[in-house]
Every structure is written in structure tokens, then in C-alpha cells.
Amino acid sequence: MKLMCVLIVSVLVLTACQLSTADDTRDKQKDRLVRLFRKKRDSSDSGLLPRTCVMFGSMCDKEEHSICCYECDYKKGICV
């Protein structure tokens, strides 16, 4: 009986610890994955060229695959 109580209490404590740390790291984990992907993409041995974005007001086009820093208005053909 004592062993069962100790087991239940320990499971509850571990669950509470996981829930409290999960809230703190929710956004940080996403940023870590983004940084890891960018680091891999921009490394010299990846075989990929680093992407540069086109600034606001510059021309963008679907066919040329221009990459705007924010968003491309394809109707007007400019980065917004």
C-alpha cells in the first residue's frame, strides 16, 4: 500500500514538472528548430546557397521565384 502511494505521488510530481516546463519552452523550441534549419541551409557544406530576400517595394514574380522578406503582392508584382 505504501509503495503504491509513493508511486502515485511520484508520477503526479513528474507530470507537474513536465507541464510547468512545457509552458516555458513552447516558443523557444520552435526558434531553436528554425535556427538549426537556417544554420544547416547557410553552411558551406550543405550544397545550398544562402537565400536572400527582396526588400519592400522591390519587384517580385512567381515565375522567377523571387523571395520577398515579408510577402509578395503578385497582382501588383511588388513586395509588400
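Cβ from N, Cα, C; glycine included.
The disulfide entry in Swiss-Prot for Cys60 points, among Cys17, Cys69, Cys72, to Cys72. The record in Swiss-Prot pairs Cys69 in a disulfide bond with Cys53, which is drawn from Cys53, Cys79. Separating the Cα atoms of Cys72 (disulfide bond) and Cys79 (disulfide bond) is a whole-number distance of 4 Å.
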